[in-house]
Amino acid sequence: MVLSAADKTNVKAAWSKVGGHAGEYGAEALERMFLGFPTTKTYFPHFDLSHGSAQVKAHGKKVGDALTLAVGHLDDLPGALSNLSDLHAHKLRVDPVNFKLLSHCLLSTLAVHLPNDFTPAVHASLDKFLSSVSTVLTSKYR
């Protein structure tokens with residue numbers, strides 16, 4: 001999915017509001033995913049999945065850091081996320097549908113924390129961005 005200039009502007013502006021909360025929001029989105037889509041827990045059998053768990057927070061930080069990296073490389077998502085794509089496709093073998101589920105939970109989390117900035121246009125741009133990230137992360141499954 002191609003991000004327009006307006007989408008890129010919206011994504012960068014929204015992510016600038018996330019600021020230093022990327023890891024916190026990533027962890028919250030993971031918790032939402034585990035609660036709303038319990039089958040996703042199967043990829044984390046070694047994690048303490050309880051609310052506020054250090055392991056969920058640590059993985060949330062990884063998610064947040066990866067998205068921050070992606071926002072900084074909107075014109076080259078495949079290059080920026082190549083290592084993560086390899087990891088998820090070849091080592092972790094995460095079912096691609098789970099990226100869509102996490103994206104949904106990330107959008108919900110951002111809507112809660114950025115209510116004044118989460119306009120329909122920003123929502124659409126973030127959805128396209130997360131869809132693009134998901135596409136890149138699943139590109140090496142083939």
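For all residues, glycine too, the Cβ spot is worked out from N, Cα and C.
What Swiss-Prot records for His59 is O2 binding site. Its own atom aside, the Cβ of His59 (O2 binding site) has 17 Cβ atoms within 10 angstroms in the protein chains shown. For the recorded site, His59 (O2 binding site), the DSSP three-state label reads helix.
Applying an 8 A CB threshold to same-chain residues 6+ apart, the list for His88 (heme b binding site) reads Val94, Leu137, Thr138. The heme b binding site annotation in Swiss-Prot covers His88 and rests on sequence analysis.
Among the features that Swiss-Prot reports, domain 'Globin' is placed at 2-142, with the record citing sequence analysis.
Annotation source Swiss-Prot lists phosphoserine at Ser4 (among others), citing similarity to another entry. Cβ contacts within 10 Å of Ser4 (phosphoserine), excluding its own Cβ and spanning all protein chains shown: 10. Following the DSSP three-state reduction, the secondary structure of Ser4 (phosphoserine) is coil.
If you take the C-beta of Lys8 (N6-succinyllysine) and look for same-chain residues 6 or more apart in sequence within under 8 angstroms, you find Leu74, Ser125. The N6-succinyllysine annotation in Swiss-Prot covers Lys8 (among others).
Under the heading phosphothreonine, Swiss-Prot lists Thr9 (among others). Counting only same-chain residues at least 6 apart in sequence, none has a Cβ under 8 Å from the Cβ of Thr9 (phosphothreonine).
In sequence order, Val71, Leu74 are the residues near Lys12 (N6-succinyllysine), counting only same-chain partners six or more apart with C-beta under 8 A. The N6-succinyllysine annotation in Swiss-Prot covers Lys12 (among others), and the record cites similarity to another entry as its basis.
Annotated N6-succinyllysine per Swiss-Prot: Lys17 (among others), in sequence order, evidence recorded as similarity to another entry. According to its DSSP assignment, Lys17 (N6-succinyllysine) is helical.
What Swiss-Prot lists as N6-acetyllysine is Lys17, and the listing cites similarity to another entry.
According to Swiss-Prot, the phosphotyrosine annotation covers Tyr25. In the shown protein chains, 21 other C-beta atoms lie within 10 A of the C-beta of Tyr25 (phosphotyrosine).
In the three-state DSSP scheme, Lys41 (N6-succinyllysine) falls into the helix class. The N6-succinyllysine annotation in Swiss-Prot covers Lys41 (among others) and rests on similarity to another entry.
When secondary structure is read from DSSP and collapsed to three states, Ser50 (phosphoserine) falls in the coil class. Cβ neighbours of Ser50 (phosphoserine) (same chain, under 8 Å, six or more residues apart in sequence): none. Under the heading phosphoserine, Swiss-Prot lists Ser50 (among others).
For Ser125 (among others), the entry in Swiss-Prot reads phosphoserine. With a 10 A radius on its CB, Ser125 (phosphoserine) counts 22 other CB atoms from all the protein chains. In the three-state DSSP reading, Ser125 (phosphoserine) counts as helix.
Annotation comment: Swiss-Prot describes Thr135 (among others) as phosphothreonine. Shown in sequence order, Met1 are the residues of the chain, 6+ apart in sequence, with a C-beta less than 8 angstroms from the C-beta of Thr135 (phosphothreonine).
Counting every protein chain shown, the number of other Cβ atoms lying within 10 Å of the Cβ of Ser139 (phosphoserine) is 15. Look at Swiss-Prot and you will find Ser139 (among others) tagged as phosphoserine.
Secondary structure from DSSP puts Ser139 (phosphoserine) in a helix. Lys17 (N6-succinyllysine) has a Cβ environment of 14 other Cβ atoms inside 10 Å.
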